[in-house]
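The structure appears right after this line, and notes come after that.
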Amino acid sequence: MSSTAMVSGDDSLEPTLQSLLDQKTLRWVFVGGKGGVGKTTTSCSLAIQLAKVRKSVLLISTDPAHNLSDAFGQKFGKEARLVDGFDNLSAMEIDPNGSIQDLLATGGDQADDPMAGLGLGGMMQDLAFSIPGVDEAMSFAEVLKQVKSLSYEVIVFDTAPTGHTLRFLQFPTVLEKALAKLSQLSSQFGPMLNSILGARGGLPGGQNLDEILSKMESLRETIGEVNAQFKDADLTTFVCVCIAEFLSLYETERMIQELTSYQIDTHCIVVNQLLFPGKDSSCEQCKARRKMQKKYLNEIEDLYEDFNVVRMPMLVEEVRGKEKLEKFSNMLVNPYVPPEE
């Protein structure tokens, strides 16, 4: 974050993410943007800040390129585990190449998990893996599990690059519609299918079609609940991360338009890797790059005057490990003040 006070007018919004910390109803926070703009660093840092004001925080990576382990210098897997040095911040990395059946079963008792025990065995797994973008399916299954357990007060998602993220957020709507259609078809053809299945010895596990359909209806209700939560600005928000370059700005604009069309709240943008060369600097490349960045920063200000725009400086070291992440996270809530230009 940065020289916001210098660049913006007095009527602009705070150039920090403090509003997210103050929003006590917030349950889902998605952090996303183009690849290579600092999403993971930003999501880890935001989770650290949230852990200071909330009882329990879970950080989930839905990016197949999992970087949480690298960022914290600690190995994470598909089970949530505490981040070293914290007693209320946990992290996990969903493996899109793992078995979806394993993921759906991790909730323990199948009776508590509407997606587990549908009685479809390998067919359910085949169906899941036939969906374009299985990582979205895996991630969404984890969301469903968290909705049912409610064991964390707030969940932060370090998302995959833009396209995957938007498909993931669209997933509940698509799935809800598909299950509604399936339910409609089953009510029409259920009796006939039951008689056919009865003649063939029934379904695996001794379940009948009605039991499976009732579990699918329960699943549809849960998905509907998730959908409603994602579209509730009191519960869900999306933090856009970008750098001050044309392609990143273009991607951010497209993402915000799509989020708006999905009715998902977004009002914060983090602009990373900003240069602030001093006025006596002899680095001509730095000055030229700063000039270009200023141009795109001005565009961001014009386009998103009702957003909290956070300006983060380019650092001389990688942000890895708890101490550096904490230092970086402080700049998300206390604006970085650059040297005079």
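Each Cβ is built from the backbone N, Cα and C atoms, and glycine gets one as well.
For K34, G35, G36, V37, G38, K39, T40, T41, E245, N272, the entry in Swiss-Prot reads ATP binding site, with the evidence type sequence analysis. Annotation source Swiss-Prot lists active site at D63. Annotation comment: Swiss-Prot describes C283, C286 as Zn(2+) binding site, evidence class sequence analysis.
All features noted in Swiss-Prot, drawn onto the structure.
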residue: K34; record: ATP binding site; DSSP (3 states): coil
residue: T40; record: ATP binding site; DSSP (3 states): helix
residue: D63; record: active site; DSSP (3 states): coil
residue: E245; record: ATP binding site; DSSP (3 states): coil
residue: C283; record: Zn(2+) binding site; DSSP (3 states): coil
Sparsest-packed of the listed binding-site residues (G36, G38, T40, E245, C286) - C-beta count within 10 angstroms: G36
When distances run from the Cα of G36 (ATP binding site) to each of the recorded positions D63, C283, C286, the nearest one: D63
For the recorded positions K34, D63, C283, the one whose C-beta sees the most other C-beta atoms within 10 angstroms: D63
Cα separation, the residue listed as 'active site' to C283 (Zn(2+) binding site) (Å, whole number): 36
Pairwise Cα distance maximum in Å, ATP-binding residues per record: K34, G35, G36, V37, G38, K39, T40, T41, E245, N272: 19
Between E245 (ATP binding site) and C286 (Zn(2+) binding site), the C-alpha gap once rounded to whole angstrom: 14
The residue listed as 'active site' and T40 (ATP binding site), distance between Cα atoms, whole Å: 9
